[in-house]
Ligand SMILES: CSC[C@H]1O[C@H](OP(=O)(O)O)[C@H](O)[C@@H]1O
């Protein structure tokens, strides 16, 4: 999307034709830094250390990581090594494995001398497919926003709450949860976004607020615990969040705290939507709460905070007593019963197995391939 009028994507193949550019999201909102990935290991570190993050972007980065790996060693052993090191970079977003499976399917059958070129071509396709899918999510989600806007008095605003960052920074472009928001904004609908700061890494405060602000979308950053109060007082018309993995039964895995937002929405009759591209559906998982692996990250993400001092320096401070144990679960799973609908590129679906399978039969069939 736009950063002060200039169009950006979150990741791209550089003009040299082989290295990969990516916005270093660890530096936002304070500094806009572009990283250059030149090896498969760079891609592994970028995913693991969250230089790039967000399920679809993790997949895109892994796809280019595989292409970088094929430049290094296109043998069968090199292909296996690249797959095995990339696939464990982070455990929860299924898009990582989806993208690597797509790359392996394209590369394994062909002559190693052809693999590097074929890998970049397939990675480019995955990147462009993400953008097209998100445009589809935008159009399908827009209808929900338009329906709410039509019931408003002239000049009234549609208030959307979102959690974490499922914006263009979490994908290649447009985002998932934010895609309908950007499209509504561009169509002239008065829209405002309540942005959960999203402790402990503050993807909402640091990333969602940054991208909405630079695209000109009205928004307000709120502490994570505020959403329920706003819903009780009629200040939220709908919630739209992203997801890292949707189980076949419609359970939704997303950033920690999403489940609590869904409970508050259910209690207050606020529609709770989840936006996702079809690669985020994992038909191999029948029960999300039981089966989706929840990443636990370093406790320093909880004990420490980084910010800009009054004189412009970036500093990290500790906010938890030395010696206090810390738990840092990065995701939780919202049961399908709390989800109003799944906004996909093929429409807004009920969060259940039959609806997912009917909309994406090719992905159910893929599950049966070992
Ligand atoms: C469109 S996927 C966005 C999804 O990914 C985020 O997790 P992380 O920042 O740890 O990669 C969060 O769960 C977002 O909803």
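If you go along the chain as it appears here, the first residue is 1 and each next one adds 1.
Cβ from N, Cα, C; glycine included.
The substrate site recorded in TrEMBL includes 53, 54, 55, 203, 254, 255, and the single candidate from 81, 90, 290 that the record places there is 90.
Cβ environment of residue 164 (site 'Transition state stabilizer'): 196, 198, 203, 204, 208, 241, 242, 254, 255, 257, 258 lie under 8 Å away, each six or more residues apart in the same chain. Listed in chain order, the residues near the substrate site other than 53, 54, 55, 90, 203, 254, 255 are 58, 92, 93, 164, 165, 166, 170, 242, 244, 330, 331, each with its Cβ within 8 Å of the site Cβ centroid. Other Cβ atoms within 10 Å of the Cβ of residue 55 (substrate binding site) number 29 in total over all chains.
Between the alpha carbons (Cα) of residue 54 (substrate binding site) and residue 244 (active site, proton donor) lies a span of roughly 7 Å.
Of the listed recorded positions, namely 53, 54, 90, 203, 244, the sparsest CB environment within 10 A is found at 90.
By the rule that a residue counts when its Cβ sits under 6 Å from some atom of ligand 1, the recorded positions 90, 164, 244, 255 yield 164, 244, 255. Across the annotated binding residues for substrate (53, 54, 55, 90, 203, 254, 255), the two most widely spaced Cα atoms sit 17 Å apart.
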